[in-house]
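Colleague: My questions all concern the structure below.
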Amino acid sequence: MPVKNVVNTNNSYQIQHITFCKYALITPNKIINLSFPQMLELRRKINALTTYSALNSIIDNENFVLLFVADKQHLIFLEIPQLLKLKDEIAAFFQEAVLA
Amino acid sequence: MNTIVRKQMSINTDVMDMLNNQIAMEMKASASYLAMASWCDQRELLNSKAFFYKQAEEEREHAMKIFTFINDNGGAAISPSVTNVNNDFESLRAIYETGLEQEIAVTESIFKIFKAARKADDFITEVFLQWFISEQSEEEDTFRSIIDVFDLMEGMPLKMIDERLPKE
């Protein structure tokens, strides 16, 4: 499915596989193209932000995070529910599923 | 493994995270051995200083081996931050005992990654880690042998004990 036809109707972030080495992070405002290394970096950042202590720290302070993605070409705004949803989305993308 | 990810990476992503933690552990061990080498160097314990300088280099080589392995298999190796390195020691024997404890901790950590790789059917990492398991067995043996020398030469001057210890 061409990524330009995707309409993000909710407030969450989604990931889409476009071609062999091209992925898209679909945000409520824009579509961000990502390479695989950029996907791995996004995964690392989101995992670091969603540890118990990191989440507590976010909640105790601004209650949101600003995150650079795609080699600092884009800045995204995430509230806690969006952050947790994106963590699940990324986990599902990388999940260990042996396809029959 | 998810076929999309599998085309980009040969190793399991969760195992990759553990390998990145292992890089940090090896680099911390390297920095720790450097601190031990400095303590020995300042006290003219020539064999021990040579031993720990060499150990510091070896630990860094281990970290680099894992680092290139991750990137070569499509993953993302992370350069770690190394903090809280202890530079304060009470004796040469205590240094070697700390060294042994450090090696045992590294061995246990590698075992955990090995088990995780096996559970995830990540055979590439499993085979890669076999070298590390043999290496850790040798490292632990080296430290134990040195601590034995301290027991055998109990009461002898420190300089004399140092002269009986291996340089690498």
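Backbone N, Cα and C define each Cβ position, glycine as well.
Any TrEMBL annotation is an automated prediction that lacks curation.
From TrEMBL, here are the annotated features:
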- B:GLU26, B:GLU59, B:HIS62, B:GLU103, B:GLN136: Fe cation binding site (BINDING)
- B:9-154: domain 'Ferritin-like diiron' (DOMAIN)
Colleague: In the predicted model, what is the mean pLDDT computed over the domain 'Ferritin-like diiron' (B:9-154)?
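Modeller: Within the domain 'Ferritin-like diiron' (B:9-154), the model's average pLDDT equals 96.
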Colleague: Any idea what DSSP makes of B:GLU103 (Fe cation binding site), helix, strand or coil?
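Modeller: DSSP assigns B:GLU103 (Fe cation binding site) to helix.
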